[in-house]
Amino acid sequence: MDMRLHEYQAKEVFADAGIPTPASQLASDVDGVVDAADEIGYPVAVKAQVHVGGRGKAGGIKLVENSEEAREAADSILGMDLKGYHVDQVLVEEAVDFTNELYVGITMDRGEGKPVAMVSTKGGVNIEEVAEEDPDAIAREHIDPSFGMHPYQARKAVYDAGVDRAVARDVSSILKTLYDLWESKDGSDVEINPLMITDDDEVIAADAVMNVDEDALFRHPDLEEMEEEAAGGDELERKADEYDFDYVRLSGNVGIIGNGAGLVMTTLDLVDHYGGEPANFLDVGGGAKAERIANALDMVFSDENVDAVVFNIFGGITRGDEVARGINEALEAFDEIPKPVVVRLAGTNWEEGMEILNEDLVTVEQTLEDAVERTVEYAEEVNEQ
Amino acid sequence: MDMRLHEYQAKEVFADAGIPTPASQLASDVDGVVDAADEIGYPVAVKAQVHVGGRGKAGGIKLVENSEEAREAADSILGMDLKGYHVDQVLVEEAVDFTNELYVGITMDRGEGKPVAMVSTKGGVNIEEVAEEDPDAIAREHIDPSFGMHPYQARKAVYDAGVDRAVARDVSSILKTLYDLWESKDGSDVEINPLMITDDDEVIAADAVMNVDEDALFRHPDLEEMEEEAAGGDELERKADEYDFDYVRLSGNVGIIGNGAGLVMTTLDLVDHYGGEPANFLDVGGGAKAERIANALDMVFSDENVDAVVFNIFGGITRGDEVARGINEALEAFDEIPKPVVVRLAGTNWEEGMEILNEDLVTVEQTLEDAVERTVEYAEEVNEQ
Amino acid sequence: MSVLVDDDTRVVVQGITGGEGKFHAEQMMEYGTNVVAGAVPGKGGQEAAGVPVYDTVHEAVEEENADTSVIFVPPAFAGDAIFEALDTDLDLAVAITEGIPTQDMAKVNKRLSETDTRLVGPNCPGLITPGEAKLGILPGNIFAEGNVGLVSRSGTLTYQVVDNLTERGLGQSTAIGIGGDPIIGTNFIDALELFENDLETDAIVMCGEIGGEDEEQAAAYIDEHVDTPVAGFIAGRTAPPGKRMGHAGAIVSGSGTGTAESKISALNDAGVPVGDTPEEVADHIEEFLA
Amino acid sequence: MSVLVDDDTRVVVQGITGGEGKFHAEQMMEYGTNVVAGAVPGKGGQEAAGVPVYDTVHEAVEEENADTSVIFVPPAFAGDAIFEALDTDLDLAVAITEGIPTQDMAKVNKRLSETDTRLVGPNCPGLITPGEAKLGILPGNIFAEGNVGLVSRSGTLTYQVVDNLTERGLGQSTAIGIGGDPIIGTNFIDALELFENDLETDAIVMCGEIGGEDEEQAAAYIDEHVDTPVAGFIAGRTAPPGKRMGHAGAIVSGSGTGTAESKISALNDAGVPVGDTPEEVADHIEEFLA
């Protein structure tokens with residue numbers, strides 16, 4: 001899973017590495033915004049610091065010309081709900097006059113199993129759209145991860161993209177720095193979009209994306225700290241982070257818990273197949289013990305959209321007895337079970353599990369298909385009430 | 001060419017990288033040595049800081065038990081001549097009680113074109129002798145320079161060498177650090193010999209060798225500073241450094257100047273072939289201009305052992321006219337030519353060179369063989385005078 | 001024989017002194033797998049799960065003629081452990097570890113192109129030839145000997161499908177869990193090629209999931225090179241774009257690549273029926289073998 | 001044809017806008033070499049030495065069908081320039097630059113094992129097929145067309161030996177300066193193999209020097225694989241141990257490896273006469289061809 005830095009955090013990392021960024025200050029209240037804007041000098045941009053694409057269109061970025069406008073912008077952006085995310089902080093940033101906008105980025109090309117550097121003169125717009133509509137507008141250079149990026153590769157991508165020769169040297173050097181950051185910080189996607197070119201051929205990173213491989217955070221304590229700052233978003237997803245579950249919230253009313261990504265996805269698909277709508281993806285992972293199972297039930301019960309829950313475990317390293325104990329533990333804490341739970345246990349120690357499981361509290365099914373079908377029925381019943 | 005750090009400088013680099021080294025202080029006068037020794041606590045070792053192998057046997061390292069002995073040792077070592085090198089500084093160092101001595105080192109295996117890590121339990125002695133007498137006593141692990149040293153490779157070398165399991169983990173980690181230093185600092189040879197093991201299984205670098213690729217110094221300004229500190233040795237070799245010549249002083253009386261390492265070596269060999277003894281190797285390199293040629297003559301004239309000089313240039317990028325101008329310039333400055341000079345010019349612009357050359361000041365020969373033979377004769381004549 | 005593993009396979013377990021390593025080494029041996037050694041730095045000279053432990057894989061190979069490694073090493077050290085396995089002239093290395101940093105795997109991927117050792121995984125349940133040997137963490141009791149080859153990106157989904165097969169008496173030649181990470185060793189095409197050339201495999205199940213283009217490439221490969229009948233399954237039909245479904249690899253990108261539709265239609269175009277449910281996959285296999 | 005270079009060779013000069021690059025591009029063209037382009041980042045669109053300059057080698061290859069590069073790039077950037085050349089599907093890259101950090105060359109050496117492009121050098125004078133083309137800085141006027149192949153670790157020593165040959169009417173098929181660095185691309189054995197297979201080469205001169213074991217390995221190779229008569233020369237007989245003689249590679253180590261004696265006796269054992277002077281080398285060749 002990726003850890004996404006906020007724009008202001010990514011810019012800090014980029015600036016430390018020598019990439020030019022506009023003057024900016026972080027602010028979390030209206031007065032702070034106005035003070036920062038006054039100090040930086042107008043025009044400035046006020047930018048919501050949330051992990052949402054298309055912030056500009058959604059009203060999360062405003063360009064202001066004076067203190068009054070800065071106050072208005074701060075008022076409207078701070079505290080707003082941006083595609084489900086609450087805006088607590090804004091970046092107040094020098095507005096850069098530009099003549100051109102580029103895109104530069106490094107990502108992992110999973111098909112090739114190696115990183116790829118990308119450069120485009122079509123910066124400032126959604127690069128995925130460019131990739132689809134005009135793939136030739138993006139120059140790509142694959143990097144051998146054992147050597148890292150050779151300087152000539154940065155140059156090649158830049159010249160291939162048709163970047164103006166007057167800034168090609170600076171852009172190449174930024175691209176190389178970006179790769180070195182990507183490598184040294186275990187980046188997954190590291191991007192500047194737009195990389196602005198001013199009329200005196202200065203090159204400035206006007207936005208900054210830095211997503212980091214969460215599996216590699218153990219070797220980046222500095223980024224782990226940022227992660228805590230960057231945390232946010234949906235309350236349930238925050239809770240899932242605490243419990244360390246692979247969890248995705250969806251829009252339906254059938255809660256789903258299982259072990260193993262493929263099997264949980266399949267359970268989602270079966271819910272759909274039987275006419276229901278999944279409320280979430282929740283993978284307890286391999287070898288879950290009773291407490292973790294109980295936490296999973298707590299997670300799904302916390303989602304008020306959920307009307308019924310299917311609990312599907314196929315034990316490999318996960319043992320049926322632990323699962324049963326966890327379910328009992330979670331449900332026995334309630335006077336009344338909040339939502340109907342359907343359990344299907346298979347694989348390692350499933351018989352032991354069935355003996356332990358308190359069948360008064362749950363509905364048991366033998367097959368995946370039956371379990372899902374039953375849960376969808378329960379969810380419909382609850383829903384109709 | 002390699003730049004060699006002094007022991008104290010290499011230890012500083014090692015210690016900064018986290019390799020344990022004994023407590024130590026650098027001193028350049030007797031009182032300083034005694035103060036340092038008193039502060040560190042006895043016993044201490046007083047170690048001459050010069051680039052000479054076998055310092056111990058030559059009297060450049062003394063173990064002392066009290067202030068009086070420290071004073072005596074300082075007196076005898078500071079200012080001494082150690083195999084031709086003047087001792088200006090000593091390292092005063094905590095004497096470590098050890099139960100075992102290991103060798104660990106990284107060097108470039110030129111045959112394979114890749115670095116090799118070496119570990120041996122026969123530390124504390126000349127490792128080249130071990131390599132010859134008991135090659136199996138050294139475990140070798142080749143490193144792919146594009147990946148760098150994998151931790152398992154450090155472990156493999158350490159376990160293959162038969163290092164005691166109680167310290168294997170620490171030694172592996174030191175070996176890995178050593179490689180990372182070798183790589184990040186453009187090392188040529190980086191060694192710890194001995195790496196001491198104490199009776200409570202501490203691992204301490206009791207000596208430190210760090211030779212660095214001079215061609216890579218441009219990317220290591222910190223090491224370039226150390227080079228200035230580390231400079232020393234023969235006065236003529238220092239002069240060659242200033243003039244930026246490839247120069248090696250030898251024991252004979254025939255001075256040799258030429259362009260290109262292979263051709264200069266061949267000239268040395270021919271001097272020997274005709275019964276003379278070369279006084280030096282001096283390669284002016286490719287494309288030398290007049291001033292550089294004059295400097296070369298100055299170099300060789302400065303060597304009081306030289307009785308005659310052969311100047312052999314086969315022009316490729318070096319031009320005969322520039323050479324001739326340089327020779328004229330250097331010799332016309334003298335009222336009397338200090339030592340007879342024989343010149344042989346061939347290749348690019350040799351005719352132009354011959355026209356320019358002031359033949360009153362030099363003897364001209366057409367072939368390499370004749371030039372060398374004539375110079376050997378001159379040298380014999382001067383010597384007989 | 002079936003593919004990659006049989007009862008001649010000589011296994012060294014990297015990380016055998018850890019909790020998981022020891023437990024599964026024992027489980028593998030109980031299933032009949034020929035585990036001959038463990039490799040754990042600093043634990044050389046000890047015994048674990050009844051076999052000798054060496055400090056290096058190299059020694060385990062020298063001393064016990066191991067030809068295959070199964071890797072139970074924590075993610076921070078697993079990349080190094082895989083490199084060690086790849087540099088020891090083994091035939092096969094199976095990496096069970098989940099959560100290896102992607103950049104470590106990119107480097108491993110480079111090294112794979114320079115070696116003859118095959119890697120399965122990481123983040124996979126391993127592989128099994130029922131009745132002969134298993135390498136990894138798959139629950140042996142759900143498998144049965146037979147002629148269905150199975151390759152899957154997912155662990156527990158594999159068990160589910162195998163369960164459906166075994167219940168109907170459709171045993172397996174070999175089942176290979178290739179793992180759910182973005183960068184893996186053996187991929188679908190490699191596994192399909194092995195099964196196609198295996199005389200004991202008469203039908204193949206291929207379980208894919210959303211994300212990447214491996215299933216599409218596998219479909220093209222099947223179209224060209226595979227005569228053995230293949231039935232498919234694709235998990236994640238209902239996954240919304242941009243959300244990662246557990247596996248690092250299981251994500252439909254914002255630009256729409258990696259969708260279940262694309263994979264299913266590619267497979268269908270290659271003549272591969274794709275089941276809506278695991279039961280339907282078993283239906284197809286039953287038909288193939290009828 | 002002779003080896004590696006002839007009048008069909010299409011050359012791109014990396015660093016053509018620098019002083020040396022421009023001068024030697026002109027010299028090469030004057031000699032008849034087919035220089036078709038230059039490559040210098042940031043100078044694309046200009047002209048130098050009468051040929052178009054491109055920002056990347058890739059473009060020079062695309063636009064002008066260059067198949068060979070000659071590299072005149074300062075040492076700090078030369079490693080990168082070689083990588084660029086190697087990654088562009090050229091047949092041959094010749095690196096003239098002296099003073100490239102050894103670790104840069106170790107990485108280049110790794111990449112060489114992954115590519116089909118041949119590297120000559122670095123720190124070499126280049127190569128020449130008299131009367132057809134020269135790549136590098138060798139003074140063309142001392143060479144003559146003929147049937148003697150020459151390979152040498154040294155630049156000016158090559159000229160000396162060639163001079164001795166040409167003066168006696170012993171022309172050269174191709175002369176290759178492989179360079180004096182510890183890590184180089186084409187080595188003695190590679191060059192000997194080329195000459196052995198070349199119909200226009202009837203005798204070979206091999207000029208070695210102290211340091212390393214390349215000459216010993218070449219001697220063993222000659223013994224096994226080379227029927228063409230070879231005469232040798234070894235520079236540095238009088239060099240004391242531990243002192244580097246100019247070339248980074250030219251050093252007799254303290255432990256006694258890399259000595260002239262060892263090389264001369266290895267060559268003699270392989271039936272290769274070694275001259276005491278360049279003149280004597282010419283004597284041997286004259287005998288071979290008499």
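Just so it is clear, glycine is given a Cβ too, placed from its N, Cα and C backbone atoms.
What TrEMBL says about this protein:
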- B:11-244: domain 'ATP-grasp' (DOMAIN)
- B:LYS47, B:GLY54, B:ARG55, B:GLY56, B:GLU93, B:VAL96, B:GLU101: ATP binding site (BINDING)
- B:ASN193, B:ASP207: Mg(2+) binding site (BINDING)
- B:ASN259, B:GLY316, B:ILE317, B:THR318: substrate binding site (BINDING)
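Summed and averaged per residue, pLDDT over the domain 'ATP-grasp' (B:11-244) gives 92. Of all residue pairs in B:ASN259, B:GLY316, B:ILE317, B:THR318, the annotated binders of substrate, the farthest apart have Cα atoms separated by 10 Å. If you compare Cα positions, B:ASN259 (substrate binding site) sits closest to B:GLY54 out of the binding-site residues B:LYS47, B:GLY54, B:GLY56, B:GLU93, B:ASN193. The two recorded residues B:LYS47 (ATP binding site) and B:GLY316 (substrate binding site) have their Cα atoms spaced 48 Å from each other. In the shown protein chains, 22 other C-beta atoms lie within 10 A of the C-beta of B:ASP207 (Mg(2+) binding site). When the C-alpha distances from B:GLU93 (ATP binding site) to the binding-site residues B:ASN193, B:ASP207, B:GLY316, B:ILE317, B:THR318 are tabulated, the minimum falls on B:ASP207. Summary for the binding-site residues B:GLY54, B:GLY56, B:GLY316: the Cβ-based neighbour count within 10 Å is maximal at B:GLY316.
Note on the binding-site residues B:VAL96, B:ILE317: the fewest other CB atoms within 10 A surround the CB of B:VAL96.
When the binding-site residues B:ASN193, B:ASN259, B:THR318 are compared by the number of other CB atoms within 10 angstroms of each CB, B:ASN193 has the fewest. If you take the Cα of B:VAL96 (ATP binding site) and the Cα of B:ASN193 (Mg(2+) binding site), they are about 14 angstrom apart, rounded to a whole number. Taking every pair among B:LYS47, B:GLY54, B:ARG55, B:GLY56, B:GLU93, B:VAL96, B:GLU101, the residues recorded as binding ATP, the greatest CA to CA distance is 19 Å. Listed binding-site residues: B:LYS47, B:GLY54, B:VAL96, B:GLU101, B:ASP207. Those with a CB under 8 Å from a CB in chain D: none. Taking a C-beta cut-off of under 8 angstroms and a sequence separation of 6 or more, B:ARG55 (ATP binding site) has the following same-chain neighbours: B:LYS47, B:ALA48, B:ILE61, B:LEU82.
Each of the binding-site residues B:GLU93, B:GLU101 was assessed for Cβ neighbours inside 10 Å, and the highest tally belongs to B:GLU93. Annotated pair B:GLU101 (ATP binding site) and B:ILE317 (substrate binding site), C-alpha to C-alpha distance, rounded: 52 Å. Around the Cβ of B:LYS47 (ATP binding site), the number of neighbouring Cβ atoms within 10 Å comes to 25. Closest by Cα distance to B:ASP207 (Mg(2+) binding site), from the binding-site residues B:GLY54, B:GLY316, B:ILE317, B:THR318, is B:GLY54. In the three-state DSSP assignment, the secondary structure recorded for B:ILE317 (substrate binding site) is coil. A gap of 12 Å separates the Cα atoms of B:GLY54 (ATP binding site) and B:ASN193 (Mg(2+) binding site).
Ranking the binding-site residues B:GLY56, B:GLY316, B:ILE317, B:THR318 by Cα distance from B:ASN193 (Mg(2+) binding site) puts B:GLY56 first.
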